[in-house]
Amino acid sequence: MILDVIASQRLDSRGNPTVQVEVRTAHGTFRSLVPSGASTGVHEAVELRDNDQSKYGGMGVLKAVNNINEIIGPALIKEGYDPQHDLKQIDGFMRELDGTPNKAKLGANAILGVSMACARAGTAAANIPLYEFLRRESGEESPYVVPVPFFNVLNGGKHSGNGMAFQEFMIAPTGARTIEEGVRMASETYHCLKGIISEKFGAIYTGIGDEGGFAPPITQPEEALDLLTEAVAKAGYTDKIKFGIDPASSEFFDSKYGTYDLGFKSIPEGESHSESVRTPKEMMDLYNSLMEKYPIPLLEDPFAEDDWDSWTKFCADYKEELVGDDLLVTNVERVRMAESRAACNAMLLKVNQIGTVTEAIDAAKLAKSLDWGVFVSHRSGETTDDFIADLTVGLGTGHIKSGAPCRGERVAKYNRLMDIEAELKGSWKPWFYAGEQFRKPEAFFIG
Ligand code: 2PG
Ligand code: MG
């Protein structure tokens with residue numbers, strides 16, 4: 001039984017307000033903190049902001065906080081839900097209470113905070129770890145999978161101030177045997193990268209972007225991948241660390257002309273675009289040439305959220321993992337649309353894109369049933385809440401991205417994953433580190 005629900009306004013990793021929720025039951029008080037994106041998809045559930053310019057530049061979340069304290073909390077307590085068994089009903093009830101298709105009335109940031117805190121309350125009542133609770137919620141039965149972490153070590157796009165259009169260049173220790181080893185490999189590579197950047201561009205360029213990655217003065221994807229190649233070699237992990245890219249291309253798509261502007265961060269004054277405008281065909285050629293030259297088993301959002309034709313064309317003979325983020329927004333309806341158009345072969349999972357834990361689980365289950373990969377993700381505006389680490393293990397998705405191996409809100413997730421791995425090691429439970437099988441970890445076990 002829920003005894004109390006208390007929401008407060010706190011800060012996220014960008015220094016913007018976010019929602020904190022505390023749910024009290026007979027088993028204790030359970031807290032959640034809600035993340036927030038910068039390169040948000042237009043089809044995402046609505047994050048309610050106060051728009052009161054006199055406070056926090058309009059970014060306050062007191063409306064969402066009040067919606068919890070005055071509407072959601074009292075209604076949930078009255079219904080008498082039991083978080084241990086009723087998480088799906090709790091989420092469904094909040095959805096109905098909101099009444100809009102995108103949680104615009106009460107705010108997805110309000111609803112998600114309550115949903116996450118209720119999951120933790122249910123976990124405590126069941127006296128099991130959170131990943132175990134979420135595993136039960138999702139009906140997962142295969143062996144436990146410790147995911148491959150994808151570390152975003154070079155930040156561009158909306159996440160940094162350099163001229164790089166592509167948002168994320170990630171390193172993935174697929175050749176590690178455990179996540180503990182993978183984290184060490186990534187951390188060592190990260191420090192090698194810092195040294196290389198310092199040498200090439202000067203120490204002033206070792207400052208970091210929103211997700212803890214470096215943001216040196218580069219503009220071309222090849223420059224980024226060459227830096228990564230050099231850092232990986234210097235650390236001694238060639239062939240053991242692979243790369244992932246998230247251009248987050250919705251951010252530089254011009255829907256009027258159907259083109260992509262790779263110079264969108266440095267458009268000359270008075271102009272509407274830079275000199276680096278590319279057609280979808282040119283983007284496809286660019287991606288294909290990068291794939292040929294570097295080990296890149298994962299590409300996310302290479303095309304904009306509604307540029308369906310390009311997705312479909314590119315996916316047709318694409319062998320690696322093609323992840324839909326803005327395209328799918330963790331929404332079962334968008335996943336079905338993408339399936340019918342054969343637009344991608346993996347789903348990015350961000351809990352705040354859809355706004356409840358059980359809807360995110362449903363989207364992951366649907367994606368898995370289509371034989372797609374599922375890639376769990378943080379947001380660029382994060383908190384120290386490590387919920388998604390447990391979610392990844394609970395769902396057995398095989399991979400997660402949580403930024404660089406640096407900054408408290410990023411490493412909170414990696415540290416929690418190492419705790420989970422240590423716990424699994426000391427248990428009777430069958431488990432493995434996803435490694436090269438991060439796309440479809442079940443295949444590892446089936447053989
Ligand atoms: C993304 C994310 C997370 P944001 O595009 O995948 O890395 O960025 O949270 O800004 O949408
Ligand atoms: Mg993305």
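In case you wondered, yes, glycine gets a Cβ from its N, Cα and C as well.
Site annotation (TrEMBL): Mg(2+) is bound by E300, D325, and the candidate from D246, D254, D371 recorded at this site is D246. Among the recorded positions listed (D246, K350, S377, R379), D246, S377, R379 have a CB atom closer than 6 Å to some atom of ligand 1, in sequence order. Proximity to D246 (Mg(2+) binding site), judged by a C-alpha distance within 10 Å, picks out none of the recorded positions H159, E211, K350, S377, R379, K401. Within 10 Å (C-alpha to C-alpha) of H159 (substrate binding site) lie the following recorded positions from E211, D325, K350: E211. With a CB cut-off of under 6 A applied against ligand 2, the recorded positions H159, D246, D325, K350 are reduced to D246, D325.
Summarising the environment of K350 (active site, proton acceptor), the number of other Cβ atoms within 10 Å of its Cβ, over all protein chains shown, is 24. Its Cβ placed at the centre, D246 (Mg(2+) binding site) has 27 other Cβ atoms within 10 Å. Highlighted in sequence order, G37, S39, N152, Q167, E211, D246, A248, L348, K350, G403 have their Cβ within 8 Å of the centre of the Cβ atoms of H159, E168, E300, D325, S377, H378, R379, S380, K401, the residues recorded for substrate, and are not part of that set.
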